[in-house]
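According to TrEMBL, the protein has these features:
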- Gly121, Lys122, Gly123, Gly124, Val125, Gly126, Lys127, Ser128: ATP binding site (BINDING)
- 7-78: domain 'MIP18 family-like' (DOMAIN)
Amino acid sequence: MTSPSLEQVQRALATVNDPEIRKPITELGMVDGVDVTPSGEVAVKVLLTVAGCPMKETITRDVTAAVGALPGVARVRVDLGVMSEEQRSGLQGKLRGGQAAREIPFARPDSLTKVFAVASGKGGVGKSSVTVNLAMAMAQAGHKVGVVDADIYGHSVPAMLGVADARPTQVEELIMPVPTRPLEGGTVGPSVISIGMLKPRRDQVVAWRGPMLDRALVQMLSDVFWGDLDVLLLDLPPGTGDVPMSLGQHLPNAEVIVVTTPQEAAAEVAERAGTMASMMKQRVVGVVENMSYLACPHCAEAGAPEHRIDIFGSGGGSRVAQTLTQRLGYDVPLLGEVPLDTRLREGGDAGLPIVIADPEAPAAVALARVARTIGGRGRNLAGLQLGLTPAGKF
Ligand SMILES: Nc1ncnc2c1ncn2[C@@H]1O[C@H](COP(=O)(O)OP(=O)(O)O)[C@@H](O)[C@H]1O
Ligand SMILES: [Mg+2]
Ligand SMILES: [Zn+2]
């Protein structure tokens, strides 16, 4: 068999994406040289963006697979090098496109990315669990999804997405979001940046507040190369503090999802979070009630009809939805009721959210439905962004 042409090899390489930047390595200037011998041995020199790039195994594997699939290839050798400073700043310029440093691309009027901020009145209600499951469900539906973990009190999102110990790669001033493992069928999973990743040292305790917090939030939105996202989800800290305020200033077009439990007290603080979002001119897109009930395992085992145990009371989600509808003057629906399920917690602990690990579980079904409801409304319908609050409301 004749060995492949250089052009064929180039075309195969053009199908390999850099896992962090999500663009073909050929476009990024990462392919430094290709050599094909008459006996079908192909050597590819790949330049990594930084030395010790955590993605080098993935890149090596993908290049080997793509080139190895060409007819006439007997062996593929991948040699790894590292970009020079000049090459890196060239790449940075290319990635920024026309975008000025420090500009938040999602705040541009022509942005096609839908931004959802997940808020709650208090901690422990499942805000992060909801965030990661929505992210996974939307990614599985084929959307390009980014997740910003902006919860200063407990950055649990990376662990819940299976990348607990990852540190982002940096190309000059640009930070690459951390990719999560590919989903079934090779679908690209969500990428994530956590405020915890911005600390110089992991074990460092930082009292995030005020201007510093604002800078961190802006950095996660503007210095991170998110690429063309369909959806950006933000896990906000609970309550109505500095982060929701900053976010409201920088991204008034974000839509807010309020998470609550059925409990009276939790519902009340959730209403406050929703009202605050609206004061920042953000639209509240709906309410997710979490820990709604426990399906009684004994009745299930006995084959009896479903018996729901209201561990945390009932009615909180619909109460928040009703109150916000009244206060804000537009329909704030109850998007879903997610039952208690040990598999949901286990999925979070294992870094494999329940919508992926156990898609048939009622909790997963409820979360996937929420993802479809908010994710399936078409990209960034302009009318939804204009702060539909009736004039003079505040
Ligand atoms: N529906 C649920 N069923 C069982 N465990 C849950 C459920 N929702 C959340 N949890 C668990 O409760 C804890 C708190 O959830 P988390 O998402 O971290 O809350 P928050 O981000 O609001 O503080 C986690 O251990 C999580 O796995
Ligand atoms: Mg959390
Ligand atoms: Zn029962």
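Even glycines carry a Cβ here, placed using N, Cα and C.
Within the same chain, residues at least six positions away from Gly126 (ATP binding site) with a Cβ under 8 Å of its Cβ are Val259, Thr261, Asn290, Met291, Val338.
Cβ-based neighbour count (10 Å, all protein chains) for Lys127 (ATP binding site) stands at 27. Take the mean position of the Cβ atoms of Gly121, Lys122, Gly123, Gly124, Val125, Gly126, Lys127, Ser128, the recorded ATP site; other residues of that chain with a Cβ within 8 Å of it are Ser120, Pro238, Val259. Residues belonging to the domain 'MIP18 family-like' (7-78) score a mean pLDDT of 93 in the model. Under 6 Å, Cβ to nearest atom of ligand 2: this is the test, and of the binding-site residues Gly121, Lys122, Gly124, Gly126, Ser128 it is passed by Ser128.
A helical conformation is recorded for Lys127 (ATP binding site) in the three-state DSSP classification. Within the same chain, the residues at least 6 positions away from Ser128 (ATP binding site) whose Cβ sits under 8 Å from its Cβ are Asp149, Asp151, Gly154, Ser156, Val157, Met160, Asp235, Gly348, listed in sequence order. Secondary structure of the domain 'MIP18 family-like' (7-78), assigned with DSSP and counted as helix (H, G, I), strand (E, B) and coil, comes to 20 helix, 20 strand, 32 coil.
Annotation note: Lys122 (ATP binding site) sits in a coil segment as assigned by DSSP.
Each of the binding-site residues Gly121, Gly123 was scored by the number of other CB atoms within 10 Å of its CB, and the largest score is that of Gly121. Summarising the environment of Lys122 (ATP binding site), the number of other Cβ atoms within 10 Å of its Cβ, over all protein chains shown, is 18.
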